[in-house]
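Student: What TrEMBL records for this protein is below:
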DOMAIN    11-104  domain 'Autophagy protein ATG5 UblA'
DOMAIN    119-174  domain 'Autophagy protein ATG5 alpha-helical bundle region'
DOMAIN    184-227  domain 'Autophagy protein ATG5 UblB'
Amino acid sequence: MTDDKDVLRDVWFGRIPTCFTLYQDEITEREAEPYYLLLPRISYLTLVTDKVKKHFQKVMRQEEVSEIWFEYEGTPLKWHYPIGLLFDLHASNTALPWSITVHFKNFPEKDLLHCHSKDVIEAHFMACIKEADALKHKSQVINEMQKKDHKQLWMGLQNDKFEQFWAINRKLMEYPPEDNGFRYIPFRIYQATTERPFIQKLFRPIASGGHLHTLGDLLKDVCPSAITPE
């Protein structure tokens, strides 16, 4: 996987054309024009919307501005979910651009976590990386990295720098040839139609008989309803 750079680039540069509009009940001093962005699928909303804040705050009274949050067709969008995941869960069958509503008031405490700074997003991201490496390498790779490597990994994602990110992430995606793969495959299968937000369990890349598992094998094991008889 680490050698398939064209595929890695295609995944990295996946974008979703998006139209941000201000919620109709927000108080403005003049009409708020929509704001358009190409959102990176692998990033987080709170990392890429500083321009959105500045655009709409220009037409608002300062006393009317509090914590920004986003919503799609009545559903608050979780900042700790990657943008591509949010789109696939809530809007994959809609026409582009993706229409997101911007709010500055009435933060939905029951539906969203607060995110007061980018440090919060960084901590969440690094926790996910460490969890994945614990499954793949017993945390050996991430623990052997220096603090500056962790920071480079994060800054590569935050600044949308492919080479900067993959110079470090490559180490997390490799394994010794004698191991024939990771200990376990870190994965989450998100569900849009059930109360259980995602499925996650231990799954080895190689079966007891020695053959390599496929994505189909994983789905049959953890989510058989997703596999049709055909």
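The backbone N, Cα and C atoms fix where each Cβ goes, glycine too.
Keep in mind that TrEMBL annotations are predicted by a computer and have not been checked by a curator.
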Student: Could you count the residues of the domain 'Autophagy protein ATG5 UblB' (184-227) that DSSP puts in helix, in strand and in coil?
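Tutor: For that range the per-state counts are 11 helix, 6 strand, 27 coil.
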Student: Counting each residue once, how many in the domain 'Autophagy protein ATG5 alpha-helical bundle region' (119-174) are helix, strand and coil under DSSP?
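Tutor: For the domain 'Autophagy protein ATG5 alpha-helical bundle region' (119-174), the helix, strand and coil counts are 47 helix, 0 strand, 9 coil.
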Student: So what pLDDT does the domain 'Autophagy protein ATG5 alpha-helical bundle region' (119-174) average out to?
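Tutor: That region's mean pLDDT is 95.
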